[in-house]
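The structure appears right after this line, and notes come after that.
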């Protein structure tokens with residue numbers, strides 16, 4: 001998030017949008033909405049990481065695959081955004097495919113499950129809120145501005161959470177850097193890539209919809225599996241390939257349903 005803030009300001013300063021980006025926020029209401037977006041984002045990150053202490057990654061991914069469902073519900077509840085019936089129907093294979101791919105997970109922990117559901121709902125709410133901020137004529141924020149405003153809020157909230165929940169984080173980072181000096185460069189590269197990930201996240205939301213963003217997120221899981229197989233030679237299971245195949249088919253159906261609804 002620090003990298004997102006710094007790179008947003010650097011990009012704004014180097015572009016024609018610099019004078020506009022340098023102006024203060026237009027109102028306290030806008031400041032409150034951006035702060036709420038940052039807080040919801042941080043809540044999703046913290047809850048998601050906490051859930052991984054109690055739940056296997058496979059079960060966590062299966063629950064996370066329901067994000068498009070939460071997004072559809074919250075988009076209707078918060079922004080009164082309604083999709084065609086065929087669009088909602090296409091969400092079934094999108095969600096079911098990832099659930100099938102991750103397999104039935106016997107390990108269950110109630111608190112971990114609550115945190116996982118909370119993280120999933122928070123991700124969906126963040127997507128809806130950023131959609132409102134980016135599409136509203138009253139806000140008039142572009143993706144670069146919104147990221148530049150939200151990232152510092154996230155930094156302020158995540159730093160205390162980090163030192164409370166991961167008290168030995170500085171010791172660990174120092175030890176890793178001493179063992180392998182390239183670790184710092186990898187960390188900086190990762191942080192810089194996060195800027196482009198978040199920026200494209202906002203761009204997709206602005207030009208499509210919050211629901212489309214989350215559907216593409218599930219499709220990303222299928223792509224990640226293929227890349228992982230090619231790079232790391234991970235073993236492939238029939239259920240895994242079947243599940244992600246269903247997800248990709250669901251994404252195609254979703255795209256067709258959106259075209260017809262227009």
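Quick reminder: no glycine exception, Cβ is built from N, Cα and C everywhere.
Here is what TrEMBL records for this protein:
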- 23-254: domain 'Sugar phosphate transporter' (DOMAIN)
- 34-52: transmembrane segment (TRANSMEM)
- 58-78: transmembrane segment (TRANSMEM)
- 85-102: transmembrane segment (TRANSMEM)
- 108-125: transmembrane segment (TRANSMEM)
- 146-163: transmembrane segment (TRANSMEM)
- 183-204: transmembrane segment (TRANSMEM)
- 211-232: transmembrane segment (TRANSMEM)
- 238-255: transmembrane segment (TRANSMEM)
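When the stretches 58-78, 85-102, 108-125, 183-204, 238-255 are ranked by Cβ pairs under 8 Å to the transmembrane segment (211-232), first place goes to 238-255. Over the domain 'Sugar phosphate transporter' (23-254), the average per-residue pLDDT in this prediction is 85.
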